[in-house]
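Just below is one structure, and these are the notes that go with it.
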Amino acid sequence: MKEIIEKLAKFENLSGVEMTDVIERIVTGRVTEAQIASLLLALKMKGETPEERTAIAQVMRGHAQHIPTEIHDAMDNCGTGGDKSFSFNISTTAAFVLAGGGIHMAKHGNRSISSKSGSADVLEALGINLDLKPAELGKVFDKTGIVFLFAKNMHPAMKYIMPARLELGIPTIMNLTGPLIHPMALETQLLGISRPELLESTAQVLKNMGRKRAIVVAGPEGLDEAGLNGTTKIALLENGEISLSSFTPEDLGMEDYAMEDIRGGNAQENAEILLSVLKNEASPFLETTVLNAGLGFYANGKIDSIKEGVALARQVIARGKALEKLRLLQEYQK
């Protein structure tokens with residue numbers, strides 16, 4: 001382990017084999033917490049390569065729980081977090097809209113690391129049981145078309161890494177890894193990151209992980225979602241090819257809103273915001289959700305443009321389909 005950390009300290013990249021060996025040692029409890037923290041910091045300072053990120057994701061996913069389900073076209077819209085925006089739970093709210101629009105949503109998430117409320121926190125506040133067994137979660141998904149997979153429970157091996165992450169208190173490669181290690185074999189994905197310079201490389205990792213179609217999104221002001229406060233950049237993975245583009249609210253016929261307009265609060269406050277959006281109450285929260293759900297519909301390939309996706313998202317919310325999915329999840333995942 002010492003040799004690996006020294007190599008990273010010299011800003012030398014690890015091979016896929018080296019990274020695989022290191023992570024296998026970590027997730028089997030053979031590395032100290034201090035060494036793990038040193039590794040995470042060294043990788044962050046050097047900058048993580050697609051090969052390193054793919055290796056860690058493949059190892060972590062190999063140690064994940066298996067969710068038995070009859071659904072084979074699941075999608076996730078988990079972001080990396082760590083953007084310090086303190087926004088409401090955008091992707092979690094959008095997940096219900098996507099599910100209401102007919103997409104099988106297996107939302108994968110965790111408690112907050114660097115914000116006030118993570119997806120697990122807000123859903124727990126809404127009465128969702130985070131601790132169902134894998135077989136029970138599979139049944140929920142088959143019955144409702146939506147399920148929440150609590151990352152802490154899905155990845156027992158993460159217990160070896162979490163203390164170092166919490167002690168560091170800053171985004172690391174594990175933030176970048178979380179959305180890549182979904183327990184299910186996803187076909188499509190919308191993945192938010194707060195570092196636009198990683199758009200293309202993250203799309204490459206998704207390709208390496210077997211995604212058929214995906215969008216990696218980086219919003220304005222470091223937001224790890226699409227934003228209405230400036231230019232949003234995306235990388236689209238389609239037919240094995242990666243293309244980069246960007247858009248503004250004006251491009252989609254939407255109004256601008258400042259970051260302050262979408263600030264959230266604690267889990268209970270964010271739960272109230274989520275409910276207000278699904279009830280179609282006009283606000284910057286609603287508009288931001290519509291934008292991100294629209295991008296999700298486009299990432300899934302359900303529609304042919306982001307603008308069409310936004311229109312579909314509005315329709316789903318207005319017809320009560322998104323709220324219906326929340327009520328179903330509250331009924332079955334309890």
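Using N, Cα and C of the backbone, Cβ positions are placed for all residues, glycine too.
What Swiss-Prot records for this protein:
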BINDING   Gly79, 82-83, Ser87, 89-92, 107-115, Ser119  5-phospho-alpha-D-ribose 1-diphosphate binding site
BINDING   Gly79, Asn110  anthranilate 1 binding site
BINDING   Ser91, Glu225  Mg(2+) 1 binding site
BINDING   Arg165  anthranilate 2 binding site
BINDING   Asp224, Glu225  Mg(2+) 2 binding site
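Cα distances from Asp224 (Mg(2+) 2 binding site) to the binding-site residues Gly79, Ser91, Asn110, Arg111 are smallest for Gly79. Closest to Ser87 (5-phospho-alpha-D-ribose 1-diphosphate binding site) by Cα-Cα distance, out of the binding-site residues Asn110, Arg165, Glu225, is Glu225.
With a 10 A radius on its CB, Arg165 (anthranilate 2 binding site) counts 20 other CB atoms from all the protein chains.
For His108 (5-phospho-alpha-D-ribose 1-diphosphate binding site), the same-chain residues that are 6 or more apart in sequence and have a Cβ closer than 8 Å to its Cβ are Asp76, Cys78, Leu149, Ala151, Met154, Gly178, Pro179, His182, Pro183. Residues near Gly79 (5-phospho-alpha-D-ribose 1-diphosphate binding site) in space but far in sequence (CB under 8 A, at least 6 apart, same chain), listed by position: Ser91, Pro179, Leu191, Gly192, Ile193, Asp224, Glu225. In this structure, the binding-site residues under consideration are Ser87, Ser91, Asn110, and the one with the smallest number of other Cβ atoms within 10 Å of its Cβ is Asn110. Reported as a whole number, the C-alpha separation between the residue listed as 'anthranilate 2 binding site' and Arg111 (5-phospho-alpha-D-ribose 1-diphosphate binding site) equals 13 Å. For Arg111 (5-phospho-alpha-D-ribose 1-diphosphate binding site), the Cβ neighbour count at a 10 Å cut-off comes to 17, with all displayed protein chains included. In the shown protein chains, 27 other C-beta atoms lie within 10 A of the C-beta of Glu225 (Mg(2+) 1 binding site).
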